[in-house]
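A.B. asks: Features from TrEMBL:
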- 20-306: domain 'Sugar phosphate transporter' (DOMAIN)
- 322-349: region 'Disordered' (REGION)
- 16-35: transmembrane segment (TRANSMEM)
- 47-72: transmembrane segment (TRANSMEM)
- 84-102: transmembrane segment (TRANSMEM)
- 108-133: transmembrane segment (TRANSMEM)
- 169-189: transmembrane segment (TRANSMEM)
- 201-220: transmembrane segment (TRANSMEM)
- 235-255: transmembrane segment (TRANSMEM)
- 262-283: transmembrane segment (TRANSMEM)
- 289-306: transmembrane segment (TRANSMEM)
Amino acid sequence: MGKGGALSEGVLKKIILSYTYVAIWIFLSFTVIVYNKYILDRKMYNWPYPISLTMIHMGFCSSLAYVIVNVLKMVEPVQMTRDVYLKSVVPIGLLYSLSLWLSNSAYIYLSVSFIQMLKALMPVAVYSIGVLFKKEGFKTQTMSNMLSISFGVAIAAYGEAQFNTFGVVLQLGAVCFEATRLVLIQILLTSKGITFNPITSLYYVAPCCLAFLSVPWMIVEFPKLRETSSFHFDYFIFGTNSICAFALNLAVFLLVGKTSALTMNVAGVVKDWLLIAFSWSVIKDTVTPINLFGYVIAFLGVGYYNHAKLQALKAKEAEKKAAQVDDESGKLLEEREGEKSSRKNESDN
């Protein structure tokens, strides 16, 4: 085969791998969401204990991460001081535990489809909190786009047949805590040169989540579980559910590492539409035309936001390349000038 054929094969292989990573992430994310809904919903498995479910996930993930890091030594731990851990990792663990607790609680009160529509507010929350913490600059155009997303979600909420105020408050709270966590990761960790992969992230953050969640669990759910003598721990259900949750963390790393964060955002939109279709066709949740109309508006706003981020990223990369070219040109010019001076000195001698 010629050079062009070999190049085509390489490009084709890369495209196939990218789509494979996307498919794996969509499948696992889809599975975890539907599985959690199945366990927590009173009309399905009927185990409405979101804190307990989240603690099972965190206990499983932190144990597995500990084995991978300290026993199998497949991943190197991140070097950090006790002070950095307490001031940076612990606050992120607190926010993550609150986000998971509230988002899992919302499955008891809201349909899967409506929860996905509410999650479209994530870019709005991240941008607003980024501006508040001065990590993002305020731009009228971006804020207008954020308002259009919010408007779309408001229409979707207006058309929701199974609207539950408490459930909406829980999901919005989860979005706010998750957005704050994402911004604080940039402020507390990335700015200090500390980066986590999914294993090290679970190794350091999951035990914090487990510790924080144990407090409300003792007050809210433990007394109820103690009274429920008929419950027997189903190792298959909770074991496979925890494995899916752990695998999802690895899939996030695989997708972002091998493609880009933007690809994950686009894949997330595809996953949301699949979940809405599944929720309507299989779970038999009611999805109204007003629901869909509102979500389409929010979807277009999120799409435009991702497009604007991509353009900004491309412009930034172009600036870096231009600066590198200028530096290289400057060094080359200096070398030539140096050579000329050397030759002149030799001729003078």
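Backbone N, Cα and C atoms are what each Cβ position is placed from, and that goes for glycine too.
Because TrEMBL annotations are produced automatically, they should be read as predictions rather than curated entries.
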A.B. asks: Could you check whether the transmembrane segment (169-189) packs against the transmembrane segment (108-133) - three or more CB pairs closer than 8 Å, residues at least 6 apart in sequence?
C.D. replies: yes
A.B. asks: Are the transmembrane segment (289-306) and the transmembrane segment (108-133) close enough to be called in contact, which here means at least 3 C-beta pairs under 8 A that are separated by 6 or more residues?
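C.D. replies: Yes, the transmembrane segment (289-306) contacts the transmembrane segment (108-133).
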A.B. asks: Please identify the stretch among 47-72, 84-102, 201-220, 235-255, 262-283 with the greatest number of Cβ pairs below 8 Å relative to the transmembrane segment (108-133).
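C.D. replies: That would be 262-283.
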A.B. asks: Across the domain 'Sugar phosphate transporter' (20-306), what does the pLDDT come to on average, as a whole number?
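C.D. replies: PLDDT averaged over the stretch: 89.
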A.B. asks: Are there residues at least 6 beyond the ends of the transmembrane segment (47-72) whose Cβ is under 8 Å from a Cβ of it, and what are they?
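C.D. replies: Distant contacts of the transmembrane segment (47-72): 36, 39-41, 97, 100-101, 104-105, 107-108, 199-200, 202-203, 206-207, 209-210, 213-214, 216-217, 220-221, 224-225, 231, 238, 241-243, 245-246, 249.
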